[in-house]
Amino acid sequence: MTTHYIAGNWQAGQGETLQSLNPVTQAVIWQGQGADASQVDTAVQAARQAFPAWAQLSLEARIDVLEKFAAQLKVHAEAMAQCIGEETGKPLWESATEVTSMINKVAISVQSYRERTGEKSGPLADATAVLRHKPHGVVAVFGPYNFPGHLPNGHIVPALLAGNCVVFKPSELTPKVAELTVNCWIAAGLPAGVLNLVQGARETGVALAANPGIDGLFFTGSSRTGNLLHQQFAGRPDKILALEMGGNNPLVVDEVKDLDAAVYTIVQSAFISAGQRCTCARRLLVPQGAWGDALIARLVEVCKTITVGAFDEQPAPFMGSVISLQAARALLAAQVELAAKGGVKLLEMTQPQADAALLTPGIVDVTAVADRPDEEFFGPLLQVIRYGDFDAAIDEANNTQYGLAAGLLSDSRARYQYFWLRSRAGIVNWNKQLTGAASSAPFGGVGASGNHRASAYYAADYCAYPVASLETASLALPATLTPGVTL
């Protein structure tokens with residue numbers, strides 16, 4: 001089966017056998033062999049050969065290809081949404097919004113490039129100061145499974161726009177979405193070698209990250225893998241490394257007037273995408289006392305009614321499945337571990353079908369757990385922590401190695417300003433779900449959550465590097481020579 005797109009040609013893999021399964025039915029929806037190290041190297045060489053011509057194209061010519069790609073996505077939007085839903089398990093309504101985000105990424109990236117990079121100049125007494133930006137060359141893009149179209153797209157589009165060539169390794173759990181995306185690029189007229197697709201799991205990823213022919217690597221995914229990449233790139237300052245990773249995100253709740261609005265925002269923060277967004281709330285900080293008790297009781301009551309089902313089920317469920325049976329089992333095991341440490345299951349997460357990766361929402365009160373794990377439980381598992389005063393809540397919110405997203409639900413602007421100033425996170429929201437983000441804003445965090453602001457408006461910053469120049473059209477002696485020099 002032809003699973004890799006290298007130098008403008010589809011070819012079969014020579015590495016390990018791979019399968020992609022529908023996470024609910026376990027039906028095989030894609031199969032092939034991963035790329036081995038030699039195929040990865042061929043892909044890198046193809047990108048290197050294509051780089052000079054692609055980089056020398058005018059910006060408008062590259063924009064034209066990107067806009068044709070967006071047009072192809074529109075043509076194939078329904079098929080793309082179906083593919084995303086089938087492979088990830090997310091409901092069709094959510095898959096459709098992902099395709100829309102992919103389409104919109106082109107215009108956002110063009111605007112970002114013009115405003116944050118591009119070319120600027122200013123006159124000096126005897127020359128012109130010019131600032132231009134140059135592409136790095138060949139970059140690797142590693143994509144995640146939770147948004148297999150949108151998140152890799154957030155690296156690939158700005159990278160190509162800046163003049164780079166790309167070797168793309170998607171998650172081994174979502175190869176079909178990657179294949180369909182690359183076909184849209186081919187139909188858009190992208191020249192051979194500018195974008196190369198290598199499918200595979202760990203073996204392929206290690207080979208690509210270690211290949212000396214890449215000039216950088218752009219990664220969105222787990223902190224564990226990102227940390228390994230960071231260690232691997234240590235001592236390689238000549239390589240650009242952009243990491244967007246996960247978070248153990250806190251959502252602090254103040255005593256607000258509208259209890260149901262708070263509950264709805266918590267649900268949208270913790271359980272949308274079956275909890276498989278890197279900005280999902282993992283820790284819910286609730287005040288001690290009667291009001292907090294009422295909030296938790298209402299939250300549990302509402303979460304019991306959340307519908308969970310297959311991606312194409314009608315009427316549409318709020319939550320689809322998690323990515324795989326393995327992921328579902330790991331989350332159930334995490335719930336057991338929290339309970340063993342002293343956590344109280346306020347709402348037990350369950351697996352309605354043993355052979356399907358469907359999970360119901362789980363809520364565990366871990367206030368009494370002394371050694372709470374600072375981990376990202378990537379699914380519908382929410383930990384509740386009760387707090388006595390606002391400063392204690394902020395301290396607990398910051399009690400993590402991560403720093404991706406944090407939020408406050410409060411009727412007080414002064415409290416929010418106090419919270420914002422003390423929060424250690426790259427995204428801080430007020431009375432909005434943690435999973436909400438504007439495409440025109442930077443997306444990313446601090447600490448173990450990453451470095452650059454990947455996959456958003458600020459992606460232009462790491463897709464090209466600035467070059468400062470002093471320029472004049474003719475060479476001439478200055479009117480006054482430097483002391484000590486005679487001509």
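For all residues, glycine too, the Cβ spot is worked out from N, Cα and C.
Swiss-Prot lists Glu244, Cys278 with the feature active site. Swiss-Prot lists Gly221, Ser222, Ser223, Arg224, Thr225, Gly226 with the feature NAD(+) binding site.
Shown on the structure are the features that Swiss-Prot records.
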residue	record	DSSP class
Gly221	NAD(+) binding site	coil
Gly226	NAD(+) binding site	helix
Glu244	active site	strand
Cys278	active site	coil
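If you take the C-beta of Ser223 (NAD(+) binding site) and look for same-chain residues 6 or more apart in sequence within under 8 angstroms, you find Met245, Gly246, Glu376, Tyr402, Ala448, Ser449.
Counting in whole angstrom, Arg224 (NAD(+) binding site) lies 13 from Cys278 (active site) by their C-alpha atoms. Under a cutoff of 8 A between CB atoms, and with a sequence separation of 6+ in the same chain, the neighbours of Cys278 (active site) are Asn146, Thr220, Glu244, Met245, Gly246, Gly247, Glu376, Leu404, Ser449.
In sequence order, Phe219, Asn227, Leu228, Leu229, Met245, Gly246 are the same-chain residues whose CB sits within 8 A of the CB centroid of Gly221, Ser222, Ser223, Arg224, Thr225, Gly226, the residues recorded for NAD(+) being left out.
Cβ environment of Gly226 (NAD(+) binding site): Phe219, Leu243, Met245, Gly450 lie under 8 Å away, each six or more residues apart in the same chain.
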